[in-house]
Amino acid sequence: MVESNGYDCEEHWVITKDGYVLNVLRIPLGRFVGCRKARNRPPVLLQHGMLLDARSWMLLPPKRSLPFNLADNGYDVWLVNSRGTEYSEGHTSLNNYDPAYWNWSWDELVAYDLPATFQYVYNQTGQKLHFVGHSQGTLMVMAAMSRDQLLNMLRSAALLCPIAYLRHTTSLLARFITDNFIAEVKPYPAFFLIYPNLITMRTLKIICRIPSVDCSNMFTPYTGQNCCIKRSKTEIFLDHQPQPTAMKNVIHMCQMVRRGTLTMYDYNDCDENIKHYGQPTPPAYNMTCIPNDLPIFLSYGGADALSDVNDVKLLLDCLKHHDPGKIVVQCIESYAHADYLMAEKAKEDVYDPLIAFLNKL
């Protein structure tokens, strides 16, 4: 997807402290002659969301997708594939058929994946990183920042469809899963993966090719009514997504929806929580602890059912003391969750303002 569009691409491997082997792609240079100066190109790390992988950033044509636009604007672009996804299935001692391999939630992505990737890119470039996250990717970096992690290597954070609180989510699918999730009935759920059925995905793709069928609204029950996605982009999406995640990760998200809290994973057992955390309840991530002087670009959609406006307002209230000169907040009323990756005008509406923000730092 990178080289076929005329860009250089490097493949890197990052090993986390708990043994997961992460695939990370690098686009070191822009495509055009004037963009191919390799010196002092600021690194930008792109972190995808839940059930996605790094390819989710490249669903639009190269002239309109964020990674290629960043490369053409003089940035050294790094794209992460989180643990458990198709290109990051490796582990130093476990195979991905072992239940122990799937014993993680986004807590581990915060504690292990993000620090390992940050350190690797920092060591490779010798520069602090700009970070761009979508959905769960924003949750990861905000949770890390709230615990005073990564800050010595972080230059700025761009939060697209920020996920910190989920109490008000209107996503029909998220609400259904939360209300009917049988895996949380037992105190100690089996650790296994959520893997979208391949036959189902292929069937959807065939259906979406029928001229009379409009699949542009396929994401609506999950993301909200996206305004600007063409049916052709839905077919491209089904070529690569969705990706596996851990059942424990889904349970953790359900806890956030059900309780309206932002804490570490709750084992629903005092003894287990004490074993893991040294206290009977899971520790909270405090968004007010995010440094007030860190440059932040935050963009959310008025039609987003996952990153609901009311939950974003709770986050913004936590950031109310942020240095006004260090934060840009953008609301696009017509956008929902998937528009940030696939909308026809995402470049003009989101990516151009984001790159302008980075260029000023």
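Including glycine, each Cβ sits where the backbone N, Cα and C put it.
Annotations in TrEMBL come from automatic prediction, not curation.
Here is what TrEMBL records for this protein:
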type: ACT_SITE; residues: SER135; note: active site, nucleophile
type: ACT_SITE; residues: ASP304; note: active site, charge relay system
type: ACT_SITE; residues: HIS337; note: active site, charge relay system
type: DOMAIN; residues: 1-58; note: domain 'Partial AB-hydrolase lipase'
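A C-beta separation below 8 Å, combined with a sequence spacing of at least six in one chain, links SER135 (active site, nucleophile) to HIS48, GLY49, MET50, LEU52, LEU160, CYS161, ILE163, LEU306, SER307, HIS337.
When the active-site residues ASP304, HIS337 are compared by the number of other C-beta atoms lying within 10 angstroms of their own C-beta, HIS337 comes out lowest. Looking only at the domain 'Partial AB-hydrolase lipase' (1-58), the predicted model's pLDDT averages out at 91. Across the domain 'Partial AB-hydrolase lipase' (1-58), DSSP assigns 11 helix, 19 strand, 28 coil.
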